[in-house]
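If you look up Swiss-Prot, you'll see 1-53 marked as domain 'ClpX-type ZB'. Annotation comment: Swiss-Prot describes Cys12, Cys15, Cys34, Cys37 as Zn(2+) binding site, evidence class sequence analysis. Residues or ranges marked as ATP binding site in Swiss-Prot: Pro117, Thr118, Gly119, Cys120, Gly121, Lys122, Thr123, Phe124. According to Swiss-Prot, the region 'Disordered' annotation covers 411-432.
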Amino acid sequence: MAKYDNKKQLRCSFCGKSQDQVKRLIAGPGVYICDECIELCSEIIADEFEETPQINVGSLPKPSEIKDYLDQYVVGQEDAKKSLSVAVYNHYKRINSNLSNNDDIELQKSNILLLGPTGCGKTFLAQTLAKFLNVPFAIADATTLTEAGYVGEDVENILLKLIQNADYDVERAEKGIIYIDEIDKIARKSENPSITRDVSGEGVQQALLKILEGTVASVPPQGGRKHPHQEFIQINTTNILFICGGAFDGVDKIIENRTRVSTIGFGASIQSKQQKDIGAILKKIMPGDLLKFGLIPEFIGRLPIIVTLNSLDQGALVKVLSEPKNALVKQYEKLLQMDNVELEFKDGALKAIASEAISRSTGARGLRAIVEDIMKDIMFDIPSREDVKKVIVTENTINTKQPELVLEEGAKAIEAPKKKEKSKTKKDIESA
């Protein structure tokens, strides 16, 4: 409401200054605002919407520089790292070209499909890439997605995660990277069209088509279905790089059936699963194999770059444990270093851990669980012992959970408590 003093003089509705105290007083329906308050409001709005530094795609590192950075964190997978480095470099070159060039030639987007067994580094590769490029990055799980109108997440929620990670800066989010994990789980359940609606398989593939290709999508800022009257955020997905990853368990059999020369009888060679090199088989993959697996042709067409990853052998897993900048062994060394204790893993111990991960078929992802199990008792006892200088984990420690301890000079060795022998029963004496 308009404010008046005793002499009926007009006053600013915001700061309360009278008409005589300001240069200008602007009237609205029942309210007044002075020039000083207008200037203050203008400054507040300018600070609120101050432009954030944009991604300088012009100064993007070269493919060799991208690969060198990936080498510091990711062990092996040389072909995959090369392919990803080139694909990402070309993607941001394309953005730069389309923004600055008025040429008739418009460069089209090339999304990426990563294939490889579980625990081979698909997700980690995408995370490391986004960290190096300093662009907004989001990871989505394809298993939670359903068609619009059914229980589950809409495909637009993937874009919402990217916008949130860009602090709701839509322009910055439009140059980000989205990694969709478990993409093989939305494959069609059968090769033939079904009479029942496949809302979490083919239906999701159909819903993802326009987003992958490039469209202006309407994203609900509060997550969609529970708030139907909210205002939508408009985001253009044309310059968003989509990387889809999946294990595609069983596609190797489809490839083998296509490439193998069929032999039957005594001359037929039979290979066990352990003898097969899954990585070598996946390198022969063709779009037709993905079609048989359950991806629809339109979806395959929007993922033109197919990158295959090899399963990690014992040697590679040993390197994963010790070589990268954030290697698992280095993490535990740092944890014990905080207790002023040195930690050392012998080569035999690292090989035994790698062998256990292979037997569990968990790849690099399962290494932490194995090491955590070995280190549990060590990390429980060491903080309360001031006489221990160094802990050595050997191959024998993997089974016994008892490491070799190097004590401070002058400290007395403390033996581990021995298990009490069970008293012999009458039956044991008679059998003896």
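The backbone N, Cα and C atoms fix where each Cβ goes, and this holds for glycine too.
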Item to complete: Identify, in sequence order, the residues in the chain of Thr118 (ATP binding site) that are 6 or more apart from it along the sequence and have a CB within less than 8 Å of its CB; answer 'none' if there are none.
Response: Ala247, Ser361, Thr362, Gly363, Arg365
Item to complete: Note the mean pLDDT of the domain 'ClpX-type ZB' (1-53), expressed as a whole number.
Response: 77
Item to complete: Within 10 Å of each Cβ, count the other Cβ atoms and name the one among the binding-site residues Pro117, Gly119, Gly121 with the highest count.
Response: Gly121
Discussion item. I'm trying to understand the geometry here, so how far is the Cα atom of Lys122 (ATP binding site) from the Cα atom of Cys12 (Zn(2+) binding site), in Å to the nearest whole number?
Written reply: 61
Worksheet item: If you measure Cys15 (Zn(2+) binding site) to Gly119 (ATP binding site) at Cα, how many Å is it?
Response: 63
Worksheet item: In sequence order, which residues at least six apart in the same chain have a CB under 8 Å from the CB of Cys120 (ATP binding site)?
Response: Gln77, Leu309, Asn310, Ser311, Leu312, Gly363, Ala364
Worksheet item: So which other residues, same chain and not among Cys12, Cys15, Cys34, Cys37, have a Cβ within 8 Å of the centroid of the Cβ atoms at the Zn(2+) site?
Response: Ser13, Phe14, Gly16, Lys17, Val22, Leu25, Tyr32, Ile33, Asp35, Glu36, Ile38
Worksheet item: In the structure shown, which of the binding-site residues Cys12, Cys34, Cys37 has the fewest Cβ neighbours within 10 Å?
Response: Cys37
Response to the item:
Per DSSP (helix/strand/coil reduction), Gly121 (ATP binding site) sits in coil
Fill in: Within 10 angstroms of Pro117 (ATP binding site), Cα basis - binding-site residues out of Cys12, Cys34, Cys37
none
Worksheet entry | Distance from Cys37 (Zn(2+) binding site) back to Phe124 (ATP binding site), taken between C-alpha atoms, in Å | 51
